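**Q** Got a structure here, written out as structure tokens. Questions coming.
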């Protein structure tokens, strides 16, 4: 059984009385149970129509729900104005209760639905109370006491109790005693001690509370019934002594509150062969089963009471008002207000039935007649409130047959157990605290592992973004290199006056476009977007650590994020500085390029097509016309000189990044390189004319060996170029020949800037087929 329990509320609707039946708007043709105290079945029916009748204000829907003041279903009610007061509407209020009994319910049905479930609890040692509540003339006394031919729940309960006691006699000694009292005009009377025929005035009793705050009535008589006949005799005798008188509302009206209590004591039987010992204890189980028949509330105007009856009605209403106040206080425990149990003798007796150690069932008796409209409505409201009352129940077990010395020893043993349990609790508390700290650290370590896994996944997931970022950085570096070279070219072109102003402006336009490209690429180089993904992936874990006060773990995670950020920044720095600056080399290349223009022959000049393409890439101008294929100038045993003029896509071309990198494979085989003969730098070299067309001319130029090794910007004619020059005349002096140069040079193979440069005045040089000897002044032709 649960320690906390609510009051069970059941509603019983009594049938119409003979008088009420005659006042109905339409007399039903079915049998009617009369509610005048006898609840007899009426077979009389009339088809008369009453112009000033009453109506039914309660409709039962099922075992739990009823409707108060439902809409009228009688079609004649529309023409009968007396059924509903003027200006009022039907309330049509629904109430739900634990159990609902209609007009056709019998006493057995009410017993099984209300009292029978409490019988098992009483035998287990729990207190129980059943009381009937309602207005006068609603069937409370009939429900509790009944008649000999139709007994109430008291008789039915005692019958079931005696049957169960017979089954317990094998193991338990069960004692049953009964007391019966009434509260009349706030005075307590014993209903079993007085002779109904005696004219003596009954003695008034008082209410007391013992040390355990149990309510008792000193001087109250107790009877022990052994069979059902004795039980019925007690009930009849008590009802005979109870104060009753007829009123306008009820022909058999109870003028007092009646309380019948059944005291049950159970003691276990000891076996005949059971050894007696000092530690052996026997326990008594005590319980009280109370049945309370409350007097009905009544209105003086309805009952037309005068004199003594009026005083009785006032006292009844006073005690019921105190009961209603107690119910209201118990329904709202949050207010912790005082419950006025002492306002009435009735509430003092019901103190533990309402809010104490007791299981309580409240039977609300109501009338279906519209004559009791307000009383029925108030009764339903109080019953609905009583459902919210909570009670605490416990078994009433008392230990007996124990010597005083055993209590001292028991107390010592209990204290020892308490001390041991306290030590155990302290040790377990320390262990729990340690385990909690260990679990907390373990959970933090798990969070750290999860956070680092998230960081790794975030870093791996940003690989594409990192590659794109590095590519943007390299593109930006390439654009900056192109800008630097272009600015160098413009500066040297302006200093040497080798180019026209139109061409310089074209290059400056290209430089402006490079600036725009650099701005666009610079906007895309934003490592903060990647770093932000690292921070966002673990931000919730960092916040969790800070909320728990684990700043060390939060700082460790932040260090991991900073480490990943530094990796991204280092990748950017590596991409920016992965090649050495080549400003001095590129400047020397451009200077030698401009110095090369005056050295080109006027009518037959072999210019490598790659030189023009390299120059175009240098200034960023794409040739507008297709070029012809001209053999590359390749020095024997060395890399092509043309590669020095190409603008690399990345500065890594100037620096070997990895020894495992594959060597560059030339698409064409190396061709034999012809060198110029060494001649003193202070003397000029006379031209030599080769008349033999079959011989292959060789051109050598005497240069300082040191300058030759340091300055690699000279162009050397290839073997195919020499074959194309055999038909040209070689002269020793330099002559100007603008017209022949412009007419014979294939301008469609070069870019506009180079074409313009070649149109400038140039000096011719003579090519010799044999190297000159410094001594003897004779020429020696080398072997082919």
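Any Cβ shown, glycine's included, is placed from N, Cα and C.
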**Q** Suppose you had to name the range Swiss-Prot annotates as coiled coil; which of 369-404, 405-440, 513-548, 549-584 would you pick?
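**A** That would be 405-440, per the coiled coil entry in Swiss-Prot.
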**Q** Quick one: sort out which of 463-483, 484-504, 589-609 is the coiled coil according to Swiss-Prot.
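**A** It is 463-483 that Swiss-Prot annotates as coiled coil.
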**Q** From the ranges 677-715, 716-754, pick the one that Swiss-Prot records as region 'Disordered'.
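**A** Of the candidate stretches, Swiss-Prot labels 677-715 as region 'Disordered'.
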**Q** Take the domain 'Kinesin motor' (6-389) and average the pLDDT across it for me.
**A** 79
